[in-house]
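Engineer: Just dropping this structure here.
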Amino acid sequence: MHFSKDFDIIVVGGGHAGTEAALAAARMGQKTLLLTQNLDTLGQMSCNPSIGGIGKGHLVKEIDALGGAMAAATDEAGIQFRILNSSKGPAVRATRAQADRVLYRQAIRRRLEAQPDLLLLQSTVDDLLLNGDKITGVVTHLGMTFSARAVVLTVGTFLGGVAHVGHQNFQAGRAGDPASIRLAHRLREMNLSVGRLKTGTPPRIDARTIDFRILREQPGDEPVPVFSFLGNITQHPRQISCWMTRTNERTHEIIRTGLDRSPLYTGKIEGIGPRYCPSIEDKVVRFSERDAHTIFLEPEGLETSEIYPNGISTSLPFDVQVELVRSIAGLENAHITRPGYAIEYDYFDPRTLKKSLETKVIDGLFFAGQINGTTGYEEAAAQGLLAGLNASLKIKEQEPWCPSRDEAYIGVLVDDLVTRGVTEPYRMFTSRAEFRLQLREDNADMRLTETGYRLGLVSEERWQAFAAKREAIETEKTRLRNTWISPGTLSKLQTPDQPADDRSYSLYDLLRRPEIGYAELVSLSARGQSVIDSQVAQQVEIDVKYEGYIERQRQEVVRHAQHEAMILPKDMDYRAVRGLSNEVTQKLNQHQPETIGQAARISGITPAAISLLLVHLKRGMARQAVKREEMHESGKTVA
């Protein structure tokens, strides 16, 4: 049966990628249909109840700057907010929030149902309709066909999904939801390179059975941060604490004893899991020298007693899960409400995608999220927004858009995927970016909102707020440049042991000094109106203070390009290179690249690692030059 209404764009899947894709397409005026197996799980947080973190928070801010929903929904659902790396430089500071699962789903659904040009339908997609190598629509499990000019697949872990608990396994997209088996078979028939990946989740624990008295409390930050550039703290629900505990040697012995029934260690699971979110059994085996691992006990919401024990993801048998949980301090009497499990699923080599996230082999078919080999809500949402945007641009017969690596972490993410591919689930880190000093959380709107407005992603309300903020920043910078401080006034900031300074300085020049912040600066001068808005004040201070560093980083990237063809020694032992992570060392020793350029294109090799390689090579060349000179001098002496 053919559905009478034709659509411009159909989005398949209602997770973080699918909801952002559907909202983006509809915001751009496309008649959009979002198909999902269950309308009650739109925006579901399938694993951890948190948004943001290092690299991930940057993506959330960029999604927000382009008009996306994730940041605003988190502000309405966040029950604890923290700034990670707050003592470090602004490039690596990152917002992270614990979210109430129910409130987050509700916030996303409100936005979907309020969005013009967007319809929702609960139905499972089993097949794709093609005319030659062009997508024309989809077919559901009820035999209903829907026509569209573009289709965005955001199917998460549902393609051929198999869940594992010990020796038991069953088909599932996640616990409680069926896998997409027919659609997986259909995609495998196409000229696409397919592989299997794996992820996992920990058992959930009833908070009423936890002894919090002996645990370490982890409260949120004060003042409470916000995620969205349009957000404020009045949107936040009640704030609560998380808690910390640790595994111990008894825990590890229980895990080691149970490995003979672990699907990870008995060959049942073939998919590769996320390196940076390993299961507890992986941690115990790979880091056998460690006698403890930290566990964060994270509330799943305000109206539930369930706790997410972040750090003990596992697919061990349920009886082993109970034993290992109860071996941990504070959890001796813990009741598990849901067992942990691992899940294997299909993904497709993202190198078969264009930067628009359209497949190269099927015209009008876009992929976003875990189908491309990524892991994480934030990575999925960023891809979804970009896929929805580019599907819309394609229908409008306009050029596709993807930010470059120096414009956004979204650009870094997509460039890494489509040029390097993945061998394991891809997670965003700030270390993956060459330009991270200018790709900060605080300036995501300055980098992207104007483009988003031009493309039709950004609302008039957001644009007006952005324009006012941008003007306020430039006005304040001008005031700082034109306001000069006399030596007498400057002495107020000096300590008794500092020598007297008889020169005058502009406030702009003073703000460049690492020991002087914007707040101290404002107290020096009553001339002109200082900034009240904290976002504007923060932006001004960072822009001024790091101006020189950003310029130097740009020059460093130019130098990297010049080193592209630098030859690496054959059979080089990368363990000798100081500062390289275990991951980077392992991959370089495995691939043995011939040049710096080849090394840079290996999946997982970061710009920071390339810098360390260059330093190592330069030191080696310097030592060789000294030896040659010594030999030359020695030869002259003998003669």
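Backbone N, Cα and C define each Cβ position, glycine as well.
Residues annotated as FAD binding site in Swiss-Prot: Gly13, Gly14, Gly15, His16, Ala17, Gly18, Val125, Ser180, Gln370. As annotated by Swiss-Prot, NAD(+) binding site applies to 273-287.
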Engineer: Do you know offhand how many angstrom separate Ala17 (FAD binding site) and Ser279 (NAD(+) binding site) by C-alpha?
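Structural biologist: Computed Cα spacing between Ala17 (FAD binding site) and Ser279 (NAD(+) binding site) is 24 Å.
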Engineer: At 10 angstroms around each C-beta, which of the binding-site residues Ser279, Gln370 has the fewest other C-beta atoms nearby?
Structural biologist: Ser279
Engineer: In DSSP terms, helix, strand or coil for Ser279 (NAD(+) binding site)?
Structural biologist: coil
Engineer: Using other CB atoms within 10 angstroms as the count, which residue among the binding-site residues Arg275, Lys283 scores least?
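Structural biologist: Minimum Cβ neighbour count within 10 Å, taken over the binding-site residues Arg275, Lys283, occurs at Arg275.
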Engineer: Return the residues near Val285 (NAD(+) binding site) by Cβ distance under 8 Å, restricted to its own chain and a separation of at least 6 in sequence.
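Structural biologist: Those within reach of Val285 (NAD(+) binding site), by Cβ under 8 Å and sequence separation of 6 or more, are Arg256, Leu259, Tyr265.
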Engineer: At a 10 A cut-off on CB-CB distances, which of the binding-site residues Ala17, Val125 has the highest count?
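Structural biologist: Selected residue: Ala17.
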Engineer: Please give the greatest C-alpha separation between any two of the FAD-binding residues Gly13, Gly14, Gly15, His16, Ala17, Gly18, Val125, Ser180, Gln370, in angstrom, as a whole number.
Structural biologist: 18
Engineer: In the structure shown, which of the binding-site residues Gly13, Gly273 has the fewest Cβ neighbours within 10 Å?
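Structural biologist: Counting other Cβ atoms within 10 Å of each of the binding-site residues Gly13, Gly273, the minimum falls on Gly273.
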Engineer: Using DSSP, would you call Val285 (NAD(+) binding site) helix, strand or coil?
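Structural biologist: The residue in question, Val285 (NAD(+) binding site), is helix (DSSP, three-state).
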Engineer: Measuring CB to CB from Cys277 (NAD(+) binding site), give everything in the same chain under 8 Å that is also at least six residues away in sequence.
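Structural biologist: Long-range Cβ contacts: Thr199, Ser313, Thr375, Arg427.
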Engineer: With DSSP assignments reduced to helix, strand and coil, which class does Gly13 (FAD binding site) get?
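Structural biologist: Reduced to three states, the DSSP call for Gly13 (FAD binding site) is coil.
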Engineer: I need the nearest neighbour of Gln370 (FAD binding site) among the binding-site residues Gly273, Arg275, Ser279, Glu281, Lys283, using C-alpha distances.
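Structural biologist: Result for Gln370 (FAD binding site): the nearest of the binding-site residues is Gly273.
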